[in-house]
Amino acid sequence: MVEDSQETTHFGFQTVAKEQKQDMVAHVFHSVAAKYDVMNDLMSFGIHRLWKRFTIDCSGVRRGQTVLDLAGGTGDLTAKFSRLVGETGRVMLADINDSMLKMGREKLRNIGIVGNVEYVQANAEALPFADNTFDCITISFGLRNVTDKEKALRSMYRVLKPGGRLLVLEFSKPIIEPLSKAYDAYSFHILPKVGELVAKDGDSYRYLAESIRMHPDQETLKGMMQDAGFESVDYHNLTAGIVALHRGYKF
C-alpha cells in the first residue's frame, strides 16, 4: 500500500513508492543473475547477440578510448569494447547489482578479458565519476529498470566528454501491429513459464515483461535524451521495433 504523500513510480504494472523500486529491482536481478545469459538466449532466440553487435558497430569506439558499459551485467558489451580500445584504452563495467557484477567479472576473467577492464557497483542516477570522463557510454537493457530515468540520463551526460556519445539499447514498441500482439502473447504467457522452468522464477520474468511495456516508446525516449542535453539524437528500430537503439551526442 502506497501512502498518498509518497512519490510513486512503476514496478512492472504495480505502483510503488520511489524509494522501494530500487530494492525490488535488486531482488529480481539477484534472483536471475545465475541464469541471466541462458535466459537471454531463450527469451530472444539468440537475437540479442545481433542487437548488441549492431550497438558495437554504431558506437564508433576506437583504440585508446574510455568506455562506460552501464548496467553492464554479465559483460557482453564490455568484452567487445575491451578488444576495441586495446591496451591503451579502458572499459568500466558498472552495475548497481552486485550479483550481476560478480557474474560479469567471473565470466570475463574466465575468457581472458583482463588488464583494461574495471568493475564498479554504481547507480545510474548518481554516477561516481568525474565530469567529462568517457568517450562513449552504453546502457543495454538497463534503462527501463532505473527509477528516475531523467536523472540517470543527466548523470550520463555529465560524465561524457564533449564529443562523446551515449547509446541506449532497450526493448521498445513494435511498429507492426500483428507482431505487437504476438509479442505480447509471448511475453506475458510464455516467458514467465520459461522463467519458471529454467530459472525457477516465473515472477521475475513476469516483472521483466511488464517493465518492457511500461518503458517509454521510441519518440518519448528520444525527447527525454534531448531534454537531458543530448544533441543529434536518433534511433534505429531493430526487429521491427521490438528493440530500439537510441544514440545521442554531447557537444
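Keep in mind that glycine also has a Cβ here, set from the backbone N, Cα and C atoms.
Other Cβ atoms within 10 Å of the Cβ of Thr74 (S-adenosyl-L-methionine binding site), summed over all protein chains shown, number 22. Taken from Swiss-Prot, the feature S-adenosyl-L-methionine binding site covers Thr74, Asp95, Asn123, Ala124, Ser140.
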For Asn123 (S-adenosyl-L-methionine binding site), nearby residues of its own chain (Cβ under 8 Å, 6 or more apart in sequence): Gln22, Ile96
